[in-house]
Amino acid sequence: MAEEVYDGAIGIDLGTTYSCVAVYEGTNVEIIANEQGNFTTPSFVSFTENERLIGEAAKNQAAMNPANTIFDVKRLIGRRFDDPTVKKDMESWPFKVVDDNGNPKVEVQYLGQTHTFSPQEISAMVLTKMKEIAETKLGKKVEKAVITVPAYFNDNQRQATKDAGAIAGLNVLRIINEPTAAAIAYGLGSGKSDKERNVLIYDLGGGTFDVSLLNIQGGVFTVKATAGDTHLGGQDFDTNLLEYCKKEFTRKTKKDLSGDARALRRLRTACERAKRTLSSGAQTTIEIDSLFDGEDFNIQITRARFEDLNAKAFAGTLEPVAQVLKDAGIEKHQVDEIVLVGGSTRIPRIQKLLSEFFDGKKLEKSINPDEAVAYGAAVQAGILSGKATSADTSDLLLLDVVPLSLGVAMEGNIFAPVVPRGQTVPTIKKRTFTTVADNQQTVQFPVYQGERVNCEDNTLLGEFTLAPIPPMKAGEPVLEVVFEVDVNGILKVTATEKTSGRSANITIANSVGKLSTDEIEKMISDAEKFKSKDEAFSKRFEAKQQLESYISRVEEIISDPTLSLKLKRGQKDKIEQALSEAMAQLEIEDSTADELKKKELALKRLVTKAMASR
């Protein structure tokens, strides 16, 4: 690869099921195709005895290697092992998730050994793949990127995504919210207008769901409110159809395939395909030969059946829509445009429900739902790296918001919000607290994110201690807590005791699900090692193929009476000896590419010498 470094930055939509990469130069955004010519790449990583596969290659062999093929990692990133959604997902995942001090990690067999990887490392592998797709197109090394996350991601999930970027060797210029990125794609693509518009972005992807209401005027994109579910998407619709098919299989055959990971993977793939077909057709057939225990499976699925199986999930997507309107303080009729983003918005029933919610309003489908988020990320990347020269982007300004309130726990585990949800970022907010006991010299500050009164119902982001503070009567010390949220939506908290001036702070980076600088550096070095192992395997495979091909040609020469006559006297034995050595080298499992090439070269020299005119 060319060592010249690209002076711009790329935009990456790191999706639950598929990822997409784009670049913005001058006045054009280009969505970059992978080596198969597809504009989206599966967010899959697979491990085998010999190599690591990422993207299309990983997904294509998932049924053959279910326990070592990782997907849905976006549903693990920044979460605790004991998170109820993690527990629920583990029931349907064919790969193993283990508890590492409260952090979930995936366990796989790779290169003949057991390895565990954090969600950040797996995400980094997908990001590396997207980076390489861009590098192939640009012919230069890429070092900078803007990465998107669901608007409803909490602080832990945002920081973990930023860490994944660092492990992939990327300087993450900005983390931006997916619906905001899609709004940029829509706002620029629909021709910039100075007319003020209220635009609702309905973003339903493979694993996450966001609704954002933006006010767009000229180049200013102001997020008024956001809501969503970081655990709802196409994967869940597939799962509901899968569960139905499992029951039907058991009803027809009296056999239970629940424990067979390969059968489940094949069935899930068929269900995903059926779901896509039903977006345009009224019915489809799922047909799988010898699905389990020699039994074939054949079932007809109508669109009505699929809609019925997912009725609750589909209807549930309207709750965040209502929430966003309420938070933004606007009525349905004040929404000018409703923009569909994410592959799952192709489902006709979802479109119908959303249109009916807005009293039959026409939905906006002018942007590609799979590519819009990467498009917007690329525009932001172009602006931040100085590559965007278009008049459309010269005055582009993004004003995003905090999706969930941030605060601390008070006595009785009551949540005290400091930064309310919907607050524009970046922001700094202060709140004053005091002590609850006489002569108290230590104060704990557990930091939470959420909307519930009881802190246990919110997400613990981390905690820190302010000590020692001067002994005083309860209620006398003045403890000022400052919350700073940066443009990436990442939080830093500082507490100061005003009389002594003593302070303590935390950039939420050491709690569960977070990585220390040392851990990130180790993961970067591991990622480099795995990359070099991948490259060595590819080179070895190529050298092996070339040697095998050349051996076949030489065998043809010495076994063909006419051709063998052209060999110099006494040379045939030497060639046969070299052939034996080359074949022996092929049998050695850990032969390097260099060793294989040397055998090929030695054989070529002998043949060339023997074929020389006498």
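Every residue gets a Cβ built from N, Cα and C, even glycine.
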Given ranges 170-178, 476-484, 575-583, the stretch to which Swiss-Prot attaches the annotation motif 'Nuclear export signal': 575-583
Neighbourhood of THR16 (ATP binding site) by C-beta distance under 8 A, where only residues 6 or more apart in the same chain count: SER43, ASP72, LYS74, ARG75, GLY205, GLY206, GLY207, THR208, GLY233, GLN235
Remote residues contacting the region 'Inter-domain linker' (393-403) - C-beta distance under 8 A, at least 6 residues beyond either end: 151-154, 176-177, 180, 184, 188, 218-228, 379-380, 382-383, 419-425, 427, 485, 487, 489
Nonlocal residues around TYR18 (ATP binding site), in sequence order (Cβ under 8 Å, 6 or more apart): THR40, THR41, PRO42, SER43, GLY206, GLY343, ASP370
Reduced DSSP assignment, LYS275 (ATP binding site): helix
Other C-beta atoms that fall within 10 angstroms of the C-beta of ARG273 (ATP binding site): 13
Helix, strand or coil at TYR18 (ATP binding site) [DSSP, three-state]: strand
